[in-house]
């Protein structure tokens, strides 16, 4: 009787903790669905563009960035989802390795960005310059620049005269554009009680000096405003960084625990 009871216990016992297994499955499944939504948003934004974007803007196209991020997330979370469900060591190892690689890459970028702040600023400046140059060519870039300038209450990268990089806003006398020497309306300071946005509020501003321009627009560049915002919101920045890191660390730890348990299970059978 005791021998039979011990055999039944041996048959029902498993080294794999079902709580860890199914938690990792639902954790991966949640982000897998989220990755599909990101890809769908990116594809929709790309398809809905009225005109073909300039090839030079491909790497800074928000729609392309969404698609790339979504595809990477889809691959990683798919491995975690199926690996946990099927107790597949190869898929779980792929999931853990990929997630570790992404986490270390983000950590390296953050550390390098902190210690090489000047080089980071120059790199971001090149990104913003391309966005300014192609402001009228790509609707997504236009909306992104307008959003940044409105939220940070800034204009251009270094200052408002950066908009001369754009073909339409260029302030040279040879420029035949009606928007010559202007800046986008997103640079303008809001007028109290204004119900209709005056999209011509920035016309001719580049010909004015800093004090004169300050009466109608935000003359300070977005580079300085971004630094000021980070310095005044260190707690929020830290919370966002922690919120980004914790799910990745949790996924790595859970997958490694599950891999170890599955290996113990295989060893016990052999």
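Heads up, the Cβ atoms here are built off N, Cα and C, so glycines get one too.
Bear in mind that TrEMBL entries carry predicted annotations, made automatically and left uncurated.
Here is what TrEMBL says about this protein:
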type     : residues : note
DISULFID : 154-187  : disulfide bond
DISULFID : 155-171  : disulfide bond
TRANSMEM : 20-44    : transmembrane segment
TRANSMEM : 64-85    : transmembrane segment
TRANSMEM : 97-116   : transmembrane segment
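Features as recorded by TrEMBL, highlighted on the structure.
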residue	record	contacts (Cβ under 8 Å, 6+ apart)
154	disulfide bond	148, 187, 218, 220, 221, 222, 224, 225, 226
155	disulfide bond	149, 162, 163, 183, 187, 217, 218, 219, 220, 221, 222
171	disulfide bond	161, 164, 180, 181, 206, 207
Would you count the other C-beta atoms found within 10 angstroms of the C-beta of residue 187 (disulfide bond) for me?
25
